[in-house]
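Asker: Quick one: the structure is below, and I'll ask about it shortly.
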Amino acid sequence: MADEVILLDFWPSMFGMRTRIALEEKNVKFDYREQDLWNKSPILLEMNPVHKKIPVLIHNGNPVCESLIQIEYIDEVWPSKTPLLPSDPYQRAQAKFWGDFIDKKVYASARLIWGAKGEEHEAGKKEFIEILKTLESELGDKTYFGGETFGYVDIALIGFYSWFEAYEKFGSFSIEAECPKLIAWGKRCVERESVAKSLPDSEKIIKFVPELRKKLGIEIE
């Protein structure tokens, strides 16, 4: 009997993009179900009653929540394809450290670029650039964060890359000028079929931001 895999997601979510990419990397067929986050569906509320957030991966009726946990789950359930996490315990721990760093740091500062104004906006932009520089330092001259192999940390971060042009537009700055190696890394990642299929067009994200502000009641002149 074939596995039933359902993904409850929202197209601009950089967290959902992670799960899409992980599934694509493993060639796992899945039923993508777009969610309205302002009118949450019964299945989303049933499958993630604690946080009521996307993405939710449903495997044979069992929900798995939180995107980084989903990447690990996918890697363990479908191990035959190229592993997403290193087998070495230390390298695995390091990958998880950087995944956690991305989760805790990147979104919070990036959100201030399009969702705040004045001093808060400028502080968010400054912190965001500093965070990207920290990540660029970890990347160094490697092809991917894990070396020559695309994996966990790349998947954790690459969804934000689809938002980079929006951050630049609403923040009036150039990420490439600040972090050229990180931009080169993003371009390499997008050449992968799994990433290209999973990331939305940057222009679509830019057009979505004013709509998102309106939905959230954010007024920025």
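Placed from the backbone N, Cα and C atoms, the Cβ positions cover glycine too.
Sharing the features that Swiss-Prot gives for it:
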| type | residues | note |
| --- | --- | --- |
| BINDING | S13, M14, N39, K40, K53, I54, E66, S67 | glutathione binding site |
| DOMAIN | 3-82 | domain 'GST N-terminal' |
| DOMAIN | 88-208 | domain 'GST C-terminal' |
| MOD_RES | A2 | N-acetylalanine |
| MOD_RES | T149 | phosphothreonine |
Asker: For the domain 'GST C-terminal' (88-208), what are the DSSP-based totals of helix, strand and coil residues?
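Answerer: Tallying H, G and I as helix, E and B as strand, the rest coil: 95 helix, 2 strand, 24 coil.
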Asker: Using other CB atoms within 10 angstroms as the count, which residue among the recorded positions S13, N39, S67, T149 scores least?
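Answerer: Ranked by other Cβ atoms within 10 Å, the recorded positions S13, N39, S67, T149 bottom out at N39.
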Asker: May I ask you to report the DSSP-based helix, strand or coil state of M14 (glutathione binding site)?
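Answerer: M14 (glutathione binding site) sits in a helix per DSSP.
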Asker: Grab the glutathione binding residues from the record (S13, M14, N39, K40, K53, I54, E66, S67) and give me their largest CA-CA distance in Å.
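Answerer: Value for the max Cα separation, rounded to a whole number: 21 Å.
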Asker: M14 (glutathione binding site) has how many other Cβ neighbours within 10 Å of its own Cβ?
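Answerer: A count of 22.
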Asker: Return the residue, from the listed recorded positions A2, I54, with the maximum count of other C-beta atoms within 10 angstroms of its C-beta.
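Answerer: Ranked by Cβ atoms within 10 Å, first place goes to I54.
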Asker: Where T149 (phosphothreonine) and A2 (N-acetylalanine) are concerned, what is their Cα separation in Å, rounded?
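Answerer: T149 (phosphothreonine) and A2 (N-acetylalanine) have their Cα atoms 29 Å apart.
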Asker: Indicate the candidate from K40, K53 with the smallest number of other Cβ atoms within 10 Å of its Cβ, considering only these binding-site residues.
Answerer: K40
Asker: Expressed to the nearest Å, what is the distance separating N39 (glutathione binding site) and the residue listed as 'N-acetylalanine' at their Cα atoms?
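Answerer: N39 (glutathione binding site) to the residue listed as 'N-acetylalanine', Cα-Cα distance: 31 Å.
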Asker: With an 8 Å cut-off on Cβ-Cβ distance and a minimum sequence separation of at least 6, pull the same-chain contacts of E66 (glutathione binding site), or say none.
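Answerer: Counting only residues 6 or more apart in sequence, E66 (glutathione binding site) has no Cβ neighbour under 8 Å.
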Asker: Counting by DSSP secondary structure, give me helix, strand and coil numbers for the domain 'GST N-terminal' (3-82).
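Answerer: For the domain 'GST N-terminal' (3-82), the helix, strand and coil counts are 29 helix, 17 strand, 34 coil.
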